[in-house]
Amino acid sequence: MKDLLKFLKQQSKTEEFDGIKIGLASPDLIRSWSFGEVKKPETINYRTFKPEREGLFCARIFGPVKDYECLCGKYKRLKHRGVICEKCGVEVTQTKVRRERMGHIDLASPVAHIWFLKSLPSRIGLMLDMTLRDIERVLYFESFVVIEPGMTSLERGQMLTEENYLDALEEYGDEFDAKMGAEAVLELLRAIDLEKEIEMMREELPSINSETRRKKVTKRLKLVEAFFTSGNKPEWMILKVLPVLPPDLRPLVPLDGGRFATSDLNDLYRRVINRNNRLKRLLDLAAPDIIVRNEKRMLQESVDALLDNGRRGRAITGSNKRPLKSLADMIKGKQGRFRQNLLGKRVDYSGRSVITVGPTLRLHQCGLPKKMALELFKPFIYGKLEGRGLATTIKAAKKMVEREVPEVWDVLDDVIREHPVMLNRAPTLHRLGIQAFEPVLIEGKAIQLHPLVCAAYNADFDGDQMAVHVPLTLEAQLEARSLMMSTNNILSPANGEPVITPSQDVVLGLYYTSRERINGKGEGMAFSDVAEAEKAYRTGVAELHARVKVRITETATNEAGEKVKTRRIVDTTVGRALLSQILPKGLSYDLVNQNMGKKQISKLLNTCYRQLGLKDTVIFADQLMYTGFHFATISGASVGIDDMVIPDEKYTLVADAEAEVLEIQEQFQSGLVTAGERYNKVIDIWASANEKVSKAMMANLSKETVINRDGEEEQQESFNSIYMMADSGARGSAAQIRQLAGMRGLMAKPDGSIIETPIVANFREGLNVSQYFISTHGARKGLADTALKTANSGYLTRRLVDVAQDLVVIEDDCGTFEGLTMKPLIEGGDVVEPLRERVLGRVVAQDVFKPGTAEVLVPRNTLLDEAWCDIIEDNSIDEMIVRSVISCDTDFGVCKFCYGRDLARGHIINQGEAIGVVAAQSIGEPGTQLTMRTFHIGGAASRASAENNVQVKNSGTLKLHNAKFVTNSNGKLVIVSRSSELAIIDELGREKERYKVPYGTVLEKLEDDGVAAGEIIAKWDPHTHPIITEVAGSIKFVDMIEGVTMTRQTDELTGLSSIVVLEVGQRPTAGKEMRPMIRLVAADGSDLMIPGTEVPAQYFLPGHAIVNLDDNAPINVGDALARIPQESSKTRDITGGLPRVADLFEARKPKEPAILAEVSGTISFGKETKGKRRLVITPADGGEHYEEMIPKWRNLNVFEGEKVERGEVIADGAEAAHDILRLRGIHNVANYIVNEVQDVYRLQGVKINDKHIEVIIRQMLRKCEIVDAGDSEFLPGEQAEVSRVKIANRELEAQGKQPATFERELLGITKASLATESFISAASFQETTRVLTEAAVGGKSDKLRGLKENVIVGRLIPAGTGYSYHQKRAEAAAKPAVTEATSISASEAEQNLADLLNLAGSND
């Protein structure tokens, strides 16, 4: 029997392969696959259920229906293996050959393959250089095409209608040849000489002038070359023989009641065969042309439907009016072969159930219902029962398990011990969505989950379900235990912070324990150690919050690595002393000697992990959880209506705001402010009123007055339950409490604009009908958004995974000196991210020197850990160059040094780590979370009240960055440049804060002045945009004609008149071409120039501009000539966020992108055209000047005669990533995308490490455009993989030839995924038809380099534990093959097996 098994194993071993090639099948190849021709459309006999002969299920062609048994039953059993029955002609073999044997249909007339015809760009069309319309007319028999013009005036490929053809026949007789249908196209394709075509086009290319024509020729050249190099012949795009799928892949199953369930393919094949047979008969009968033509057209259409139903014309429908599923539909889409069966499979040994809390479990455990465990571990139990001799056979064991005899439970306990199971919660958004636990058997039917891992799973216990999977093999168990165990996944791979931090009840319990209460029972006592404090608490002498003195013992590790104990007395509370009991040895008492909110607990765990390692942290986390639950129970915190204390100041604040609004309303009615300004100001008033109310409310809630020991009144932090929940971070936020006890505030309409009347009531007071109605808008919008955005976010994740899936760490060090320059991130004045956080876990690219010296502080290639970061901070270094995956030089992967620290493990990354997938998950996972978290604040509009000044937080010196300014009559600076920033520098020269200041800002201080903290140093009006003059003089109106380009509005109250410029659209025809502007003139009427230039001082006025001065009025420097009202802003919420991230990663061009200077030089304006200005930049070195047409309505940041640098902003707008890459280089575009993406996530309080975004950017930058081909094979203007070009260039340089030059190109993630080298990966992502068509024509072969391709072909992935397997295979392939001893062929094995079995058979 053993031998027998050996043979079976040998038989099933597939041949090893290194790649998969796709190409066009020639008719001969199709025939060689085939085991016979299918001639009849019959399937199976409805009475006998036997397949019909020569039909679609014929046993003779495709193989027997039953194992080792022919159709008529003459030969049965294994001993007749390989015999072909002389009666029914069926070979006696296994029935599984019906899954692999193909048939064929000989078509009576050739048929075009619809993919090469209709999938754009049409390959047949490109090949013949004809339009798709024309080819279709030929194929569907509407017109003739000339094939052989002979000596006539016709041309090859010319289209002739029926009449033209008859005329030509009369004129030329049979001198020429014209046909219609696929035969004609076949002959045209056959006549193409590929080599000659390539030569002709290569010669023609340099002389072509028109851009479109050149593009077309290049396209065609690429196609013809692809055919030539791949060895495909163009005529193979036309089918003469149609392959027939093996019958078991298009099954037909009899249902009861004489009906059949069948695959749609059978219908489609039947149609083809019927029409084909009819056509054959018609041809034999020599039927009239018109009938034959119609039949041929129908044959063409039926083959089209079989290959890709619905691509041309109406889809063929089945009996139930739904389109039939064609071969193309089988492989594409979510339900297609790729995504349904190859990339996602169903797994056995799994179960699912509802989850509940397991507060008593350890971190590495989960509670598994006994019933489930019994089912999941059945085979193990059977084996154990037999092994122990409790059951003699498997059958007996089965019976025992079914009866659930007591021994079975003992065996189950034994089987389960140390056998991890994997728990998974859908949706699995990141790798922490599947973790391994040791099962603990429990009664009941719900799986128990440890509370601390809920955050990673994003699970809650409101009915969530989870699936259990059992790793079977020893290797699988080992991997589950060492890599996936929940205790090994304490840090999040997205940001390297603990992911098992306590939340909710636990936080509340710990917070409650660590609070102090003035004059609590036992205040002022002193204890000799923590145990004594505990005794006092247990006996009721001192309460939990009493302030006491305790002597504590701390353990610390000194430099020599010895443990040193120190004792000291601390002022603390009884509760904190109790907490210190569970603190692991080696952590400082100060970590718990504070109010333990969620942030503090997270920091505590992080410190514990970094200082003491994994094991201690896991034990500590569990202890924290048990303690937290215990004290949360004891605290008795609850929510009552009286806890929501409404502040007394609320009513006066609301009344004040209402008065202000009335005042503005009056101003509006008297025409002092415009409607837009009024709306904005009203909303600002209410926003700030809301802020004040909520401040008052929080102040009221957070403090309470108590009597201390000396009998005096004292303020202490309140023990109000709601305040404690919010303050500790357990549940709720200030915004939510504001709605409960303050005022609900401003609401948004469904379109996102803010309703100007706020809800002044709160939930405690209750809402009246109108208030309730307004608030339903926001709530409903939130819910609708959530549903839509979850889908969007999932799609974003899928695209990210797809673009990054093949990026793996494959070498130690690529040796590059390049990297990204890191600086602290400063935004809105605050340091959002200090340098240490940005460089932590990175590798230094170039030596960092001590400031002001030549001493090397941090040498190159140092991995910066916490200790190094402290050194960097102490030396106040504010920028350094660190290695990044974007600048990594490794081909087809990245190196360890460029990636740096593995965030989830805390040491440098290992080889074989799939960093691409981790990056995609880290970015995609919060996306989904964010999308699901819009509506929790009930749609309350959170809009920052518009900023109108800069108030500094630190003292220091004022510095201005790229700012132009003028000094006004009061001696103050007025900013007249667009993207100016002011920074505060401390005495060490470190930047402390940085602010963007808009055009028109008035500064209270001069540059290099000292400023004190809290000073307001800059002011501006946020609602209007001024136009400021840079010279003094009197003003002169140009093109300002009342009723034509402007109107006068007089204020009834003040009698002042103001001038409003009309939009171009509102002007009468006379004013369309006019350009209203203000020119400044000197006293003598001569034009004034802008200082330092030869440009006259004239200011164009855009539409809606309001001028408050009259013609010839005098004006000073720095005064406003006009003001332009700004529109109101919509609410910002992640809705803007998620699409924003998608836009960045898709590298989409914004609607009105910023215009950047293409070259460095001097600005001037050329001749104007209708609606556009001509901007000219003349380089200083006298090179070619650059011109650009800019629409007149764009606000320019530059004036005539100014100097600009390449890549500087000329006109404001959103910057397009492609422009940044082209003009400022890779590092700038990387910084731009990283910062923009981070802004969106930071707004939501989500932390993601920059590395992950950089990984995606690296994948977006993998392609380049060849500028000059040098001596390489590439074509100029061709897109190629950067790594390919680099490898080719290295070879060329080694031979002393000219390398190719290239420009990097930025592709969006979808485009980048589709442009990968691997066609399998691209086809399984999107646009399957197009990808496969392109790959087949080029005869591409897939080297199976990425993860996805390997999953699809069913191999281990070349990452993680599968990495070494692929390494070994590569090494084996590199060595010459050693001849194997007595290798045995499959046929020999089969023969031996048959002999063995015959022997066995003759004995019984």
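Cβ atoms are placed via backbone N, Cα and C, with glycine included.
Among the features that Swiss-Prot reports, Zn(2+) 1 binding site is placed at C70, C72, C85, C88, with the record citing sequence analysis. Marked as Mg(2+) binding site by Swiss-Prot: D460, D462, D464. Annotation source Swiss-Prot lists Zn(2+) 2 binding site at C814, C888, C895, C898, citing sequence analysis.
Shown on the structure are the features that Swiss-Prot records.
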residue: C70; record: Zn(2+) 1 binding site; CB count, 10 Å: 25
residue: C72; record: Zn(2+) 1 binding site; CB count, 10 Å: 14
residue: C85; record: Zn(2+) 1 binding site; CB count, 10 Å: 20
residue: D460; record: Mg(2+) binding site; CB count, 10 Å: 11
residue: D462; record: Mg(2+) binding site; CB count, 10 Å: 6
residue: D464; record: Mg(2+) binding site; CB count, 10 Å: 16
residue: C814; record: Zn(2+) 2 binding site; CB count, 10 Å: 19
residue: C888; record: Zn(2+) 2 binding site; CB count, 10 Å: 24
residue: C895; record: Zn(2+) 2 binding site; CB count, 10 Å: 22
residue: C898; record: Zn(2+) 2 binding site; CB count, 10 Å: 29
Cα-Cα distance linking D464 (Mg(2+) binding site) and C895 (Zn(2+) 2 binding site), given in Å to the nearest integer:
40
Other residues with Cβ within 8 Å of the Cβ centroid of C814, C888, C895, C898 at the Zn(2+) 2 site?
E811, D813, T816, R883, V885, S887, D889, T890, V894, K896, F897, Y899
With D462 (Mg(2+) binding site) as the reference Cα, tell me which of the binding-site residues C88, C888, C898 is the closest one.
C898
C70, C72, C85, C88 excluded, remaining Cβ within 8 Å of their centroid (Zn(2+) 1):
L71, G73, K74, Y75, E86, K87, G89, V90
List the other residues in this chain whose Cβ sits within 8 Å of the Cβ centroid of the Mg(2+) site residues D460, D462, D464, in sequence order.
I355, A459, F461, G463
Reported as an integer number of Å, what is the Cα distance between C88 (Zn(2+) 1 binding site) and C814 (Zn(2+) 2 binding site)?
67
Taking the Cβ of C88 (Zn(2+) 1 binding site) as centre, how many other Cβ atoms lie within 10 Å?
17
May I ask you to report the DSSP-based helix, strand or coil state of C898 (Zn(2+) 2 binding site)?
helix
Among C70, C72, C85, C888, these being the binding-site residues, pick the one whose CA is nearest to that of D464 (Mg(2+) binding site).
C888
Quick one: Cα separation, C70 (Zn(2+) 1 binding site) versus C888 (Zn(2+) 2 binding site), in Å?
63
May I ask for the distance between C814 (Zn(2+) 2 binding site) and C72 (Zn(2+) 1 binding site), taken between their Cα atoms and rounded to an integer number of Å?
68
Return only the integer: C-alpha distance in Å from C72 (Zn(2+) 1 binding site) to D460 (Mg(2+) binding site).
62
List the Cα distance (Å, whole number) between C898 (Zn(2+) 2 binding site) and D460 (Mg(2+) binding site).
38
Given D460 (Mg(2+) binding site) and C85 (Zn(2+) 1 binding site), what distance in Å do their CA atoms have, once rounded to a whole number?
64
In whole Å, note down how far the CA of C85 (Zn(2+) 1 binding site) lies from the CA of C888 (Zn(2+) 2 binding site).
65
